[in-house]
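Q: Take a look at the following structure, please.
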Amino acid sequence: MSNQKQAEEAMVSNNDTGHEEKEVSNDESGFSLKSVLWHGGSVYDAWFSCSSNQVAQVLLTLPYSFSQMGMLSGIILQIFYGFLGSWTAYLISVLYVEYRSRKEKENVSFKNHVIQWFEVLDGLLGPTWKAVGLAFNCTFLMFGSVIQLIACASNIYYIDDKFDKRTWTYIFGACCATTVFIPSFHNYRMWSFLGLGMTTYTAWYMTVASLVHGQVEGVVHSGPTKAVLYFTGATNILYTFGGHAVTVEIMHAMWKPKKFKCIYLLATLYVFTLTLPSAAATYWAFGDQLLTHSNAFSLLPRTPWRDAAFITFGFACTPLYFVWEKVIGMHDTKSILLRALSRLPVVIPIWFFAIIFPFFGPINSAVGALLVSFTVYIIPALAHMLTYRSASARQDAAEKPPFFIPSWTAMYVLNAFIVVWVLVVGFGLGGWASMSNFIKQVDTFGLFAKCYQCPPPTPAKHH
């Protein structure tokens, strides 16, 4: 355990997380409004970031998943994927500690540099893994940002329908651009607090409103009826608990990264109190009507309480900003304004795709199957197995297996199970089902658009 302790102490003493660390050490000795609202690196900040980023807009589509899978399967898979996601988030944190401890033994400085997941893979496994991790991570985070933007526009449309959803997407795309001014996760304190507060309110509004509304007349709970619907719903839940693609960035923003170990699990346990009651109550009230309403807001009665509910966005954009800054050589720039201007090209494709796809329920499942399955489940499990495949690597590991894992062999078995399960069920069956459902939605939307654009029939002439 001495290697582990030395690695952790080195990270605590050397944790210069970025552009404003010196300012934090000088200013936070006393109380200041800036330190309260802007500088966040505590375990509480990390918990808020993990909790608010983990569920976000998917909260509104979980009742839709329940209608596809049935109540029992929905509850079981939420718990299963919740703990599975917590475990792979733990694996990512272990690999971050390993990478960082090795680099600091080489006297590598991370001043004004935010470590990212693809850099961890590069340092531990080489450039091929770096390329794979970068491709999956960036693609997932881009489409995650797209989905968040679509969800925000969809929600506000149900509150105020004087503009159509696409117009609201234009408006929220402009709002999304303001996130370029947030330097790093170290500065997300106010944003993550607001995000979790609104997500908590929205979840409990859905729960209470559904119970007060009661079951609709002739309510039917027929799910599951088709395999394609069942696995579409399952991959949406896999996506729900796959929000740990930003784990490395959140850890790097902490003053003491060694304390991250159980934070994601605690965040997941809290998220269960939001997702399970809201999805179960909404499905109980509306049943199979949800099969044609992927956003639960569309069925809930319009009241001031509903109109106050909102899902924030922005977390998925920030790691993309870091990658782009490193590509163009702006990551070490201390000017917030210059960094903000350099980040604007990242917002454009996110805005573009959000305008193209004005629905987000089926996209959640497709992204879950094709991207999340690899990004935050398969790749971390494989990377951990390969990093510690030799006896010397296991002996010198900065992090040993947790107390509830009896041996390295048991750790390998568990990680191998995750790889096989997610590859077969998440990517294989989930990919087939999600893409089938997604294509159906695109065809339906295209048909609707054609009908909407058709000129009215010419009235017959009377002789």
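The backbone N, Cα and C atoms fix where each Cβ goes, glycine too.
Annotations in TrEMBL come from automatic prediction, not curation.
Quantities reported herein were computed from a predicted structural model and do not represent experimental measurements.
TrEMBL lists these features:
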DOMAIN    39-424  domain 'Amino acid transporter transmembrane'
REGION    1-27  region 'Disordered'
TRANSMEM  75-97  transmembrane segment
TRANSMEM  134-156  transmembrane segment
TRANSMEM  168-186  transmembrane segment
TRANSMEM  193-216  transmembrane segment
TRANSMEM  228-251  transmembrane segment
TRANSMEM  263-285  transmembrane segment
TRANSMEM  305-324  transmembrane segment
TRANSMEM  336-360  transmembrane segment
TRANSMEM  366-388  transmembrane segment
TRANSMEM  409-433  transmembrane segment
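In the displayed structure, how are the listed features positioned relative to their neighbours?
A: Under 8 Å from some Cβ of the transmembrane segment (75-97) lie the Cβ atoms of residues 7-8, 11, 50, 54, 62, 69, 115, 117, 120-121, 124, 234, 237-238, 240-244, 247-248, 251-252, 257-258, 260-261, 264-265, 268, 271-272, 275-276, 279-280, 376-377, 380-381, 383-384, 387, 398-399, 402, 414-415, 418, 422, all in the same chain and six or more residues away from its ends.
Sequence-distant contacts of the transmembrane segment (168-186), counting only residues of its own chain at least 6 positions beyond either end whose CB sits under 8 Å from a CB of the stretch, comprise 17-20, 39-41, 49, 114, 145, 149-150, 152-154, 156-157, 246, 249-250, 252-253, 313-314, 317-318, 321-322, 336, 339-341, 343-344, 346-347, 350-351, 354-355, 358.
Distant neighbours of the transmembrane segment (193-216): 48, 51-53, 55-56, 59-60, 63, 274-275, 277-278, 281-282, 284-287, 289, 296, 300-301, 303, 305-306, 308-312, 314-315; these residues of the same chain sit at least 6 beyond its ends, with a Cβ under 8 Å from one of its Cβ atoms.
Long-range contacts of the transmembrane segment (228-251) within the same chain: residues 46, 49-50, 53-56, 58-59, 61-62, 64-69, 73-74, 77-78, 81-82, 84-86, 88-89, 92-93, 96, 114-117, 120, 137, 140-141, 144, 184-185, 257, 260, 264, 268, 271, 275, 291, 315-316, 318-319, 322, 361-362, 364-369, 372-373, 375-377, 422, 425-426, 429-434, 436-437, each at least 6 residues beyond the stretch ends and with a Cβ under 8 Å from a Cβ of the stretch.
Remote same-chain partners of the transmembrane segment (263-285), defined as residues 6 or more beyond its termini with a Cβ less than 8 Å from a stretch Cβ, comprise 43, 46-47, 50-51, 54-55, 59, 62-63, 65-67, 71, 74-75, 78-79, 82-83, 85-86, 89-90, 93, 199-200, 202-204, 206-208, 210-211, 213-216, 219, 221, 240-241, 244, 247, 296, 299-300.
Long-range contacts of the transmembrane segment (336-360) within its own chain (CB-CB distance under 8 A, at least 6 residues past either end) are made by residues 57, 61, 142-143, 145-147, 149-151, 153-154, 165-166, 169-170, 173, 176-177, 180-181, 183, 294-295, 317, 320-321, 324-325, 328, 330, 441, 445.
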